[in-house]
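See structure below.
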Amino acid sequence: MTRHFLRDDDLTPEEQTRVLDLADEMKRDRFSYRPLAGPRTVALLFDKPSTRTRLSFSVGVADLGGNPLVLDSGSTQMGRGEPIEDTARVLERQVAAVVWRTFAQADLENLARHINIPVVNALTDEFHPCQILADLQTVREHKGTLAGLTLAYLGDGANNMSHSYLLGCAIAGMHVRIGAPEGYHPDPVILTRANEIAESTGGSVTVTADAHKAAESADVVATDTWVSMGLEDEKEDREAPFRPYTVDEALMAAAHPEAIVLHCLPAYRGKEITAGVIDSPQSVVWDEAENRRHAQKALLAYLLESSDNPEPETR
Ligand code: CP
Ligand code: NVA
């Protein structure tokens with residue numbers, strides 16, 4: 001079986017812990033694991049802009065002994081309509097794994113169905129699961145644990161970060177609270193899945209339109225841009241409904257006094273978060289950005305090791 005990481009719940013709670021432990025180990029000893037030595041190549045495909053994901057996967061694959069091949073889809077035949085199924089056949093004979101940032105989750109799932117090497121979600125419209133692994137590693141570093149902690153996410157409840165917090169934090173046994181305006185609440189199917197997971201891990205899931213209620217006594221306060229990539233046309237319309245969800249000093253006063261602040265970045269100061277909060281000592285966003293590399297290295301090593309066809313580049 002080939003292991004993929006298309007959404008947060010592709011890892012069981014035990015596997016998530018294993019990956020986070022491995023990420024800590026790799027952070028302590030950067031070149032300790034060399035599963036891509038050869039070097040074997042990992043294709044990093046981007047249909048949307050990226051700074052952190054591009055950097056952290058490129059450096060991370062090199063750390064693992066491999067060769068990162070960054071491709072902007074617009075410069076490939078995928079951008080001219082070559083079928084995903086055909087691209088899959090070509091990729092699996094050249095590279096050890098594929099990391100893809102794209103729009104539709106369905107396209108990522110289609111690629112994974114037609115390929116015999118691990119596929120990793122580097123962000124879709126629906127999920128951003130690699131980011132959540134890095135976030136969980138960061139929370140564990142600063143709080144010592146995950147299970148039982150409360151994470152409040154303020155802003156666009158229907159975006160990739162919200163959906164991935166719901167699943168990823170539920171898997172970790174955390175209490176997830178989404179504070180979002182009406183009309184921007186999470187996909188009910190994902191919410192149901194998160195509730196189902198939380199029941200088995202001791203976590204919980206809440207969605208509210210009341211920002212302060214969401215943040216009350218929270219151990220972790222997280223936010224994200226109000227305008228995700230691909231939604232630029234909605235920028236003006238979103239300003240008024242999202243304004244009450246700004247993570248500012250007043251909102252932080254409702255959280256636990258030792259709460260930490262997460263933001264996947266890029267951040268828009270004065271919109272979803274104030275400069276006073278993101279640049280305060282409570283903010284751990286730079287650790288979070290660094291941890292992308294450690295968490296993704298651990299994930300890649302785990303997927304390669306737990307797939308039963310670890311070296312399929314030739315047929
Ligand atoms: N957080 C994140 O994924 O950043 P980039 O869009 O810069 O990759
Ligand atoms: N929700 C944001 C995350 C950026 C890393 C987006 O999709 O643009």
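Including glycine, each Cβ sits where the backbone N, Cα and C put it.
In TrEMBL, annotation is done automatically, which means it is predicted and not curated.
Small disclaimer: the values here were computed from a predicted structure and weren't measured.
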Matching residue for the L-ornithine site, where TrEMBL names D224, S228, M229 - out of N160, N195, N291:
N160
Please state which member of R238, R292, R293 TrEMBL lists alongside S50, T51, R52, T53, Q77, R101, H128, P129, C130, Q131, C264, L265 for binding carbamoyl phosphate.
R292
All-chain count of other Cβ atoms within 10 Å of C130 (carbamoyl phosphate binding site):
26
In the same chain, which residues outside the set N160, D224, S228, M229 have their CB within 8 A of the centroid of the CB atoms that define the L-ornithine site?
L123, D125, H128, D156, N159, M161, T225, L231
Can you give the largest Cα to Cα distance in Å, as a whole number, for the residues S50, T51, R52, T53, Q77, R101, H128, P129, C130, Q131, C264, L265, R292 that bind carbamoyl phosphate in the record?
30
Do any of S50, C264, R292 (binding-site residues) have a CA within 10 A of D224 (L-ornithine binding site), and if so which?
C264
